[in-house]
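Asker: My structure is below; once you've seen it, I'll send some questions.
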Amino acid sequence: MSSDRIKIVWIYPDLLSTYGDQGNTIVLERRAALRGIPTETVNLRSDEPVPADGDIYLLGGGEDRPQILAAQRLAGDGGLARAVQSGAVVFGVCAGYQLLGHEFGGEEGQPVAGLGLLDIRSGRGEQRAVGEIVGDVAGELNVPRITGFENHQGVTQLGQNARPFARVVHGIGNGDGFEGAYSGRVLGTYMHGPALVRNPGLADLLLRWAVGRDLQPLDDSWAGRLREERLSAVAAG
Ligand code: GLN
């Protein structure tokens with residue numbers, strides 16, 4: 001990161017933004033600004049080269065065919081892999097999470113090559129996972145209980161070099177009792193919602209990784225109320 005600003009690259013809004021995941025970009029900008037940290041956001045279309053100098057790369061959800069196209073273009077471009085090697089933060093949601101792995105299931109369930117930036121493999125599950133998801137995040141990440149919304153057919157297995165992001169309290173997630181995965185500063189999740197709007201603690205984790213230091217706390221009472229409301233709705237069934 002250059003000393004005075006965070007460069008956010010929103011990868012392929014023309015392919016990977018089916019579920020309103022743009023909200024994640026806005027949350028990062030806002031929470032950085034409240035700490036006096038300026039941001040620059042690049043909305044990177046899929047016919048443009050991936051800049052290697054981003055600090056945080058965001059990938060959203062998408063349907064099967066746009067997901068395959070996005071994976072092919074990102075693999076051909078190589079910029080995201082270079083950015084990861086230089087320590088950039090990557091946050092992938094659902095389709096964007098799956099395509100960070102070694103492979104994922106295409107529209108007929110066929111294996112499609114991913115980017116291999118996370119040690120995970122996804123395939124097609126028996127049933128679509130749709131609904132609220134709640135999870136307790138790996139302790140070392142220091143993020144409070146997460147809530148989100150999932151909508152995916154895929155199931156994901158973690159390899160030895162990826163750690164589960166959260167233990168599922170409610171919902172499906174990866175399908176193995178855990179939700180999401182991370183390795184270094186590359187983190188993926190099945191949570192839409194958008195995830196960072198509902199989970200400011202997760203937004204702050206990405207910002208902390210990007211700036212390399214702790215950040216001053218903010219008043220998150222509104223997000224806290226939303227979390228309580230969603231947890232009550234889940235508990236009520
Ligand atoms: N196509 C993928 C799946 O169904 C991702 C879906 C999504 O991004 N919501 O698993």
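Cβ coordinates are placed from backbone N, Cα and C, and glycine is handled just like the others.
All TrEMBL annotations are machine predictions without curation.
Straight from TrEMBL, here's the annotation block:
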- 7-199: domain 'CobB/CobQ-like glutamine amidotransferase' (DOMAIN)
- CYS94: active site, nucleophile (ACT_SITE)
- ARG128: substrate binding site (BINDING)
- HIS192: active site (ACT_SITE)
Asker: Which residues of the same chain, at least 6 positions away in sequence, have a Cβ lying under 8 Å from the Cβ of CYS94 (active site, nucleophile)?
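Answerer: Result: TYR19, GLY60, GLY61, GLY62, GLU150, ASN151, HIS152, GLY154, THR189, TYR190, MET191, HIS192.
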Asker: Quick one: give me the count of other CB atoms within 10 A of the CB of ARG128 (substrate binding site).
Answerer: 13
Asker: Return the count of C-beta atoms lying within 10 angstroms of the C-beta of HIS192 (active site), excluding that atom itself.
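Answerer: By my count, 23.
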Asker: Under 6 Å from ligand 1 by Cβ, which recorded positions from CYS94, ARG128, HIS192?
Answerer: CYS94
